[in-house]
Amino acid sequence: MCDTWTCKYLCSCISMDPLPPQNHFTYIVSRPIYSNPTFEEDNQRQAREERTLRERLGLTCGCSGKRALKVVKGVFPVIDWLSRYPIREWLPSDVISGVSTGLVCSLQGLAYALLVSVSPVYGLYSAFFPILTYFLLGTSRHISVGPFPVTCLMVGSVVLTLAPDDHFLISVNGTGLNGTGAEVNTVDVEAMEAQRIMVASSMTLLVGVFQVVMGFLQVGFLVRYLSDPLVGGFTTAAAFHVLISQLRIVLSVPTDNHNGCFSVVYTLIDVFTNISQTNLADLVAGLLTIVIVVAVKELNAKFQHRIPVPIPIELIVTVVAAGISYATELESHYGASIVQSIPRGFAPAQPPNTDVLWNILGSSFSTAVVGYAVAVSVAKVYAAKHDYPIDGNQELIAFGFSNMFCGCFSSFVASTALSRTAVQESTGGKSQVAGMVSAMVVMIVILALGHLLEPLQKSVLAAIVIANLKGMFMQVTEVPTLWRQNRADCFIWLATCLASMVLGLDMGLLSGLVFEMGTVVFRTQFPACSTLGNIPGTNIYRNMKDYQNDCNSPIYFANIDYFKERLRATVGFDSVRVFKKRNKALKKIHKLIKKGKLKTGEVLSEVSLGVDNKGFEGERNGERETRKVDDGNWPVSEVEVHVDWALELPVRVSVPKVPIHSLVLDFSAVSFVDVVAVKSLHLVIKEFLRIGVHVYIAACDDEIIRKMEALAFFDVEITQGLLFLSVHDAILFIKLETANGGRHDAIVEKVRRWTFMLNK
């Protein structure tokens, strides 16, 4: 291409086909042929201002009252939201939610302590202490902080490795078969319990240190590399580990402690070898608990819109089982295994055992990553639902200090659980005040009510754990869908699941991550390459022989969040927030009209809201939900008022302005997409469509289009009509639509400037 040659005639013209139904328009463009230097010279490119290191440090580290207040609010988010806490509106709901969640926290704490192989009372501590620090440091309003089965099992595997039963055998005098004295080996339960909780609390402290360090280093983005298929495969394998570990408690049979490779197989062999020693009382209680809890949870899910509060089936089953065990004396009459001792009060603070820290570095780091990944994933789900931001790095710091605090008070790793968080949110929880109320409930159990649960059978607690695994086991149904849509994601799911079941959870997670990175490297280092050439007389390039190769860049799970962030920064507004604010304004306008305080003629009917809120989909499960306005239950579909959002509104609602009506995404550099990217892109486009902004995709490769079809990207609202051969085609189409529809050309110029280019 020549550097200096230019056309003598610079012109552009658009000629439209006289038959609009054919949607066939042609255009001719003539312009100079540019090299980069010539283009920069002709268009007077400005050099970027380069600041010195001292200037950048001065801007970053400068001190002022406003910046200091911002830093304090960043470190302690509670200062920001608690100062604006609407007591009359939120406090009653938070109290009700906190009481309900506190009861669930208490029971799950008792149950999950069995996974760590420590006394149930330490599970109560683990359900209490982390809430206190997260209240001050966390950014999520809805998650319930406390034990999570997967992290508990990861801690339990380390506990059994460093403090097995064999290390605490002592010899005591007994009576032999012939009546003579003999030495019998037995376990020193008190010493074993003390050592195990020391290992668990030391590991929890180390987990907290890892999370705090990662938070201060601002590496929260690393969790993005734990894709949905990887997390799904890992948690499914973890659920299988939890099931096997609790199976021996339900059957009440003796087994050896197994960890590492094939530990699941060895545990199953021990269970079936000793199955003749099954305690029928424990087995019946466990099976009945599983059936009842699963059945009632299904009813709660089915009738969640009809019942104000979910039935607290775990609490009911626990109280009834404890009462039956106490009344019938199951331990003395039938040899049932019961909780036995739940001491009142809190254990004194104690320092960690530094001797074991070096032996648990790898396991602590993997547990820190898993605990954070689960917690931030759940937090993002509810943050998107209730429209408030989540700071990933601050969440790392919050959970880090929570775990360090727990480690000093005989507790184990804190994360969150989707089931417990769902209870807190569904019962009306609005903020972490509900979490503090739940902590008070747990404290009451620790100080006053815990001894009432001493007759409770351990098989009932194990059954409650198993019943709460249903959601994780149901992830297996994702495998056929992943196989049809994207086999690489399916292989990631299967490889992570199998590795975690065979090698153990920590090594399985590492193996799954390595396998996932291998697929990413393979797909990004060896992308689909095509030979491109110019179609004579056009500016269209397609696959031809003897032309220069072009290599594309992907959109996938690791960069989709960055893509969405850059898109929001480019257009200058958040489409979800715009939609919610418009809904809120329309609700108030509707009320004014209904009360006769506003006439419909006073509302300029030029621009409508667009469409109903039916396009909003959860990013993790893709299920459609009917959204309501934040401060009421008034549905969007009842709004019939059309409003010009560019003008001043008759109500006091700050609605963000939308200065564009169209957006063009340049996909010329995209080489592949995965399941997560397609779901997110589908959601982004629908978010723009429902506020009246049309989205077009330009220069999309044929392979990408076929992949999008296979992943069900197109539907009734998002059709292949939004695809254009080039960005210029899309821009000219927008100008034609603007001319025919009466839109302002000034906005078209903004669209031209805001054409979004996705490159490496």
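Heads up, the Cβ atoms here are built off N, Cα and C, so glycines get one too.
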Transmembrane segment per TrEMBL - which of 230-251, 692-713: 230-251
Result, the transmembrane segment (491-515) in contact with the transmembrane segment (121-138) (3+ CB pairs under 8 Å): no
Criterion met for the transmembrane segment (433-453) and the transmembrane segment (95-115) (at least three Cβ pairs under 8 Å): yes
Which of 145-163, 230-251, 356-384, 396-413, 491-515 contacts the transmembrane segment (460-479) most, counting Cβ pairs under 8 Å: 230-251
Candidate ranges 145-163, 230-251, 307-327, 491-515 - greatest C-beta contact count to the transmembrane segment (396-413) (under 8 angstroms): 145-163
Cβ-Cβ under 8 Å with the transmembrane segment (307-327): same-chain residues at least 6 beyond its ends: 96, 100, 103-104, 107-108, 285, 289, 292-293, 296-297, 299-300, 336, 338, 423, 426-427, 452-453, 455-457, 460-461, 464
Residues of the parent chain within Cβ reach of the transmembrane segment (197-223), under 8 Å, 6 or more residues beyond its termini: 116, 118-119, 122, 155-156, 158-159, 162-163, 350, 352-354, 356-357, 360-361, 363-365, 367-369, 371-373, 376, 392-397, 399-414
Cβ-based contact of the transmembrane segment (145-163) with the transmembrane segment (271-295), 3 or more pairs under 8 Å: no
Model confidence over the domain 'STAS' (552-734), averaged pLDDT: 73
Non-local residues, at least 6 beyond the ends, that sit with Cβ under 8 Å of the transmembrane segment (491-515): 150, 153-154, 157, 225-227, 229-230, 232-234, 236-238, 240-241, 259-264, 362-363, 366-367, 369-370, 478-479, 482
